[in-house]
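Among the features that Swiss-Prot reports, coiled coil is placed at 117-187, with the record citing sequence analysis. Annotated compositional bias 'Basic and acidic residues' per Swiss-Prot: 144-184, in sequence order. According to Swiss-Prot, the feature N6-acetyllysine maps to 23. The phosphoserine feature in Swiss-Prot is assigned to 204. Residues or ranges marked as region 'DNA-binding' by Swiss-Prot: 21-25. Positions annotated as region 'Disordered' by Swiss-Prot: 144-208. Taken from Swiss-Prot, the feature topological domain 'Extracellular' covers 1-105, and the record attributes it to a curator's inference. Taken from Swiss-Prot, the feature topological domain 'Cytoplasmic' covers 123-208. Sequence annotations record features per position, and here Swiss-Prot assigns transmembrane segment to 106-122 based on sequence analysis.
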């Protein structure tokens, strides 16, 4: 089971936040995450793994402040120790930075690049945020592997279409270039013929 929440920015952009029911489900979330996903976890404490799905083309720096705080409050609320504390640090990083090796326990992860891990602090629990998120909560049983394949297939099709469009434009540019070269060549030929014609006319005048 995966829990889904909806968060909105001040400019009305909506984002999906999701988390697994337990550490075993977290394994699938780690395995089938998307490049657009940002992972959240309470720093140095046990907590849920919360993911934020960005819009295509967005980066971690583009996360709206209010959406970032929604994610941080949600992950803090789902930490047995963290939910009782103030000034809790929450780490977050792109899904692609998560490292999972065979010797790690279930639900445990590391990072490929520590420099890509950011921290946000939740000073204290804000019920208004949690209540708002709770109203959007949905429980689903998604086929994560199929969803990931569908996303990757769509990306491949988009790239294929972009390549085809690029080739079409290149072909069109080459055609225009050939036409311009032919036009310049024809213009040069006409100039030469005109010069020859004028030269012939001058010769005739001299003989007269």
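Yeah, the Cβs are placed from backbone N, Cα and C, and that goes for glycine too.
Take the CB of the residue listed as 'N6-acetyllysine' and look out to 10 A: across all protein chains shown you find 14 other CB atoms. Under 8 Å from some Cβ of the compositional bias 'Basic and acidic residues' (144-184) lie the Cβ atoms of residues 2, 28-29, 31-34, all in the same chain and six or more residues away from its ends. Using DSSP to sort the residues of the region 'DNA-binding' (21-25) gives these counts of helix, strand and coil: 3 helix, 0 strand, 2 coil.
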